[in-house]
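K.L.:
Submitted below is the structure of interest, expressed as structure tokens.
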Amino acid sequence: MAPPGSSTVFLLALTIIASTWALTPTHYLTKHDVERLKASLDRPFTNLESAFYSIVGLSSLGAQVPDAKKACTYIRSNLDPSNVDSLFYAAQASQALSGCEISISNETKDLLLAAVSEDSSVTQIYHAVAALSGFGLPLASQEALSALTARLSKEETVLATVQALQTASHLSQQADLRSIVEEIEDLVARLDELGGVYLQFEEGLETTALFVAATYKLMDHVGTEPSIKEDQVIQLMNAIFSKKNFESLSEAFSVASAAAVLSHNRYHVPVVVVPEGSASDTHEQAILRLQVTNVLSQPLTQATVKLEHAKSVASRATVLQKTSFTPVGDVFELNFMNVKFSSGYYDFLVEVEGDNRYIANTVELRVKISTEVGITNVDLSTVDKDQSIAPKTTRVTYPAKAKGTFIADSHQNFALFFQLVDVNTGAELTPHQTFVRLHNQKTGQEVVFVAEPDNKNVYKFELDTSERKIEFDSASGTYTLYLIIGDATLKNPILWNVADVVIKFPEEEAPSTVLSQNLFTPKQEIQHLFREPEKRPPTVVSNTFTALILSPLLLLFALWIRIGANVSNFTFAPSTIIFHLGHAAMLGLMYVYWTQLNMFQTLKYLAILGSVTFLAGNRMLAQQAVKRTAH
């Protein structure tokens, strides 16, 4: 147990107040990442280009290839003096190796000078200028600048502009490089922002990293601060270092180059503040340890780290302010044992000073102060409902279990009282989770209640069987009472078997089955009862109604026989025959509709029959009219 006045510190997270402070780095190169990046660069040479990426990339990280002499021999043996690209790779790689000198003939020099022309591509101009610079050969910087500017107006890609920045860093400071420097602002405007955290070109990570490396190298060369905001630098940094595994040697080289300039330049050095250890590390002293590094995880030992203030997250009250961290080796420590923090969460605002180049040097740390909870004044009582008998109270001390059993029935209630205190400070605690669990020893049924504190922070749980019978499903029996205490700031969450309580419900309210029955047994099969069809009428009734319906037709035939049918005007003209056949067909269609067809099918056929019958009938009536007129 910690001595009084001390607490356990857990560092939970590194956050930022976005509305007040600048962005904080979310991605950087840890020591493990740096070693992995070095391993990505330390590959066997396959050609002069791969040798350049490997040698110069490792050099930017402060490392060397394993065998510098062998590497120099490889460069000399693979150099093609008639190829500008080959000369560029050889010049830059040999410059990164100590004692590796390469002699250049006049013909090769003339080749490089001839390549510095507006007829060459920006890439060729960059490689020629960098090769001349690497070999220590003279160059007319203003003429090279004119050729570069003229060619850049024809190549407006992001990569071409970045290579123009790289070229300018090899030219004389006496040349007017303003036109190239102004391209930086244009490139920044072409960056894409992702979620307010990342900033990169759509061309990808490699181009973004080369842009950062070229910008700071050129700005260090001309002595002017780059036109990039501090927040944008952090966003670029987050984008570049978000990737830890590299598919190509050139990609690893670009990240190494960007990391090198962000760690060492004259204007912007991002600060990375990292808690030492993980959230599971505990210390029986109130000490906060921070690692303050650059993007390569190299300690900024010359920095000064100060705590501006520490505020409680719950009350926003300031509990500590204006305190300096003490450098201990490569870390900075803040000992606040003399300050009595109550358990909970606190926001520590930390500032890193000591160099005006530092950016992202104000961060807010979320710190959790943990403690141990103690249970005091635990009383178990049975209270008579009509208060005719004085309450019976038994005091229990954690972690012991109360002796005997307690009864709760229709005549008396059961009550539990207790208080929670901070073991270290003695202050009262109100954890987030305070539960009373009752477990039926026979059926396994469990019922959980929340214990609430009163205005004096005394927790009370009272069991009235008449009010709680629904929760228990009126299941009488012996229940084990557990007290559960939990909170994110507690080192010792508690599950305490407090006592056995006999709960009795009236027998008439007892259920036929208890809740503990197996809820997953197969249920009784449901028998579906469909509606029975209506009974049909007797055959005699059906036949009677059929005869009644046909009676008018029988009457028609009877009258025709008695009076006589007038068929004198009937002709056997085609229109007459078609009309009567069509009429008969429509009557037949009605029968088929009744027995087989639906309405839409019937309408389709009726339209055809009706049209033919209509035309035939019209023709027939016209002929009858002509015949009458003639007579």
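These residue numbers are counts, starting from 1, taken along the chain as shown.
Heads up, the Cβ atoms here are built off N, Cα and C, so glycines get one too.
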K.L.:
Using Swiss-Prot as the source, do K31 and M620 end up on the same side of the membrane?
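P.N.:
Swiss-Prot topology: K31, M620 on opposite sides of the membrane.
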K.L.:
Determine the mean pLDDT over the topological domain 'Lumenal' (593-596), rounding to the nearest whole number.
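P.N.:
Summarising the topological domain 'Lumenal' (593-596) by its mean pLDDT gives 86.
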K.L.:
Residues sitting near the transmembrane segment (572-592): Cβ under 8 Å, six or more positions beyond its termini, same chain?
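P.N.:
Answer is 602, 605-606, 609-610, 612-613, 616-617, 619-620, 623.
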K.L.:
Please report how many Å separate the Cα atom of N106 (N-linked glycosylation site) from that of K154 (ubiquitin cross-link), as a whole number.
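P.N.:
Distance between the two Cα atoms comes out at 31 Å.
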K.L.:
When DSSP states are grouped into helix, strand and coil, how many residues of the topological domain 'Lumenal' (593-596) land in each?
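P.N.:
Counts, helix then strand then coil: 3 helix, 0 strand, 1 coil.
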K.L.:
Using a Cβ cut-off of under 8 Å, list the residues of the same chain at least 6 residues beyond the topological domain 'Lumenal' (593-596) that approach it.
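P.N.:
602.
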K.L.:
Just to be sure I understand, if DSSP states are collapsed into helix, strand and coil, how many residues of the topological domain 'Cytoplasmic' (618-631) fall in each?
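P.N.:
DSSP classes over the topological domain 'Cytoplasmic' (618-631) add up to 13 helix, 0 strand, 1 coil.
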K.L.:
Out of N106, K154, which of these recorded positions shows the lowest number of other CB atoms within 10 Å of its CB?
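P.N.:
Sparsest of the recorded positions N106, K154 by Cβ contacts within 10 Å: N106.
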K.L.:
Using a Cβ cut-off under 8 Å, which residues of the same chain at least 6 positions beyond either end of the topological domain 'Cytoplasmic' (618-631) come close to it?
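P.N.:
Contacts with the topological domain 'Cytoplasmic' (618-631): 569, 571, 573, 575-576, 579.
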